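Straight from TrEMBL, the features:
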BINDING   Gly33, Gly34, His35, Asp53, Tyr80, Asp101, Gln108  S-adenosyl-L-methionine binding site
Amino acid sequence: MGFEHKSVLLNETIEGLNIKPDGIYVDGTLGGGGHAYEVCRRLGEKGSIIGIDQDEAAIEAAGIRLKDFGEKVTIIRSNYCDMKSKLQEQGIDKVDGIVLDLGVSSYQLDTADRGFSYREDAPLDMRMDRRQKMTARDIVNDYSEMDLYRVIRDYGEDKFAKNIAKHIVAARGKSPIETTGQLTEIIRASIPMKYQKKSGHPAKRTFQAIRIELNRELEVLKNSLDDMIEILNPGGRLCIITFHSLEDRIVKSAFKKNENPCTCPPDFPVCVCGNVSKGRVVTRKPILPSEEELEYNSRSKSAKLRIFERS
Ligand SMILES: C[S@@+](CC[C@H](N)C(=O)[O-])C[C@H]1O[C@@H](n2cnc3c(N)ncnc32)[C@H](O)[C@@H]1O
């Protein structure tokens, strides 16, 4: 199976990066290399890009996609939370732009044995980085009912979270839940029939929630944003595409804090806290996919692009 993935908000992101032909760029979620390819096309002789992904299948696919750009491209298998140290290992302290296109690729979703999809029956896996020991199976079989409820409620925003957690715990009491198919059936049985038709596939929210928990997606994002802003050169831009309201909230608030980090009470005549602005938020409101993109790529439906520029 080829690496099929339609890049989301591609033109908007490339435009937002304001690419300098001789600049150094980072794609922290390389995937199939769709965004990176368009960056490469705009680079001059001295320009370069470092592509990072924690998934070996993405690394391989991007390597093939970007091979014609030769030494302009360096690909590193890593979590983007280690971007700063990985760049330092390459002798790079500052860069001119960073892209993050969060979540999973269509390739990961569509490859049955990765265990991300409720449409296929496969072992419960969902690891983006298969070097990691813990899988979705561990969450489903070992988390307490309370923790399952919290994960499904917070990350899946599923109003039947309590019932789903209860059904999971009851089912695994009989025998361990091993496959995506088993989990899908348990979720189906937890949601009243009349709601199942209303809001997409009944298992969609729970699968998303378990994936976010397993891959620590929100924690990693939250802990990485300040570092990424720190390593930008003046004028350098950080472009982030999110797919979940909690992700978007994290990005929005980190951008705001970096634009105006002052912690002085509002009635202080002058700033005494000493916190200096790191730059400006370019996108007061997030950039959303066009009607055309929504029609062509349903995965873009929940996408939001926010951009920060370093001063
Ligand atoms: C939506 S896809 C990116 C697609 C890419 N922009 C393209 O156009 O082909 C997201 C990719 O980010 C990777 N990823 C997600 N979180 C990551 C993290 N914390 N560190 C490194 N890679 C991550 C996933 O493995 C996946 O390959």
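Residue numbers in this text run from 1 along the chain shown.
Just so you know, glycine gets a Cβ as well, placed from its N, Cα and C.
In sequence order, His5, Lys6, Ser7, Leu10, Arg65 are the residues near Gly34 (S-adenosyl-L-methionine binding site), counting only same-chain partners six or more apart with C-beta under 8 A. Neighbour density for His35 (S-adenosyl-L-methionine binding site): within 10 A of its CB lie 27 other CB atoms from the protein chains shown. Taken residue by residue with DSSP, Gly33 (S-adenosyl-L-methionine binding site) is part of neither helix nor strand, so it is coil. Secondary structure at Tyr80 (S-adenosyl-L-methionine binding site), taken from DSSP and collapsed to helix, strand or coil, is helix.
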